[in-house]
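Chemist: TrEMBL feature annotations, pasted as is:
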DOMAIN    35-111  domain 'Quinolinate phosphoribosyl transferase N-terminal'
BINDING   R101, T134, R135, K136, R158, K168, E198, D219, S245, G246, N247, S266, G267, A268  substrate binding site
DOMAIN    113-281  domain 'Quinolinate phosphoribosyl transferase C-terminal'
Amino acid sequence: MGKGSARENVGTMIKEFVSATLREDIGRGDLYALVEPSVGAKAKIIAKSDGVVAGEIYLNALSEIKNFEIIWHKCDSQSFVSGDIIATLSGDSHTILSIERTLLNILLHASSIATLTRKYADIVKPYGVKLLDTRKTRPHLRVFEKYATRIGGAVNHRMGLDDSLMIKDTHLKTIKNLKDYINKARKKIPFTANIEVEAETYEMAKEAMESGADIVMCDNMSPDKIARVVAFRDENFSHILLEASGNISLETIESYAKSGVDAISSGALIHQANWIDLSMKID
């Protein structure tokens, strides 16, 4: 039996995630359903604050699993304002009421990340700089949270340690000769895997480029210092990509975008996303 297409595999993964969130909340069964028979019900998901929708594909999976209809009035990546109807639901009352919290948790979590990410993305867009997320995700939620950043306008940094080789400050403490290490790594990692080196100073960035890095992350460096790294790169290693990271906020990101880097990464897209306000109302 074949393994199925990538789309089928992703669909299965999403359904497994949604099923797990349902089990967490419903447990052995909703006690409300023991009291009265189910009746037909309709509900609306209403925005009580402004934001960006994310979570559509997960909630479509939820509707398939629990056999209710969901009609989207605002889809993934679309903006909404307070008072907008995001979606309408229809099905039996026991089902609609039992999935309320799971549905809202998924929609709120993803949309909150997408909403904050969009704010960052809008700032850097005029400069042609890619906005990247990081691996600073909640346990078991990496795929879900990185999906939300994509919806908001970011590009995923590596999903895990097996995507590409990133040599951080902690790794550098164990490496005697960076150039020799990178040459050895080229022979052992996949041909398509990039090597990124973290640098905290101009001198470290220069060494990383001269040692053969594909990407150099300028970590916790000021925009002015990064601009100096950019100038060296442009003159000597124009093929190398530069990434800025550390101390990135809504207030500072534009100054980093102006420095000339190719990308800016920030864990704040996920861990600083405050939940927006959505609610479900039964008609």
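The backbone N, Cα and C atoms fix where each Cβ goes, glycine too.
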Chemist: State, in Å as a whole number, the widest CA to CA span among the substrate-binding residues R101, T134, R135, K136, R158, K168, E198, D219, S245, G246, N247, S266, G267, A268 given in the record.
Modeler: 41
Chemist: Counting only residues 6+ apart in the same chain, whose Cβ is under 8 Å from the Cβ of G267 (substrate binding site)?
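Modeler: For G267 (substrate binding site), the qualifying residues are D133, T134, K136.
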Chemist: Please give me the CB contact count at 10 A for N247 (substrate binding site), counting all chains in the structure.
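Modeler: I get 14 for this one.
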Chemist: Tell me the residue counts in helix, strand and coil for the domain 'Quinolinate phosphoribosyl transferase N-terminal' (35-111), as DSSP assigns them.
Modeler: 29 helix, 24 strand, 24 coil
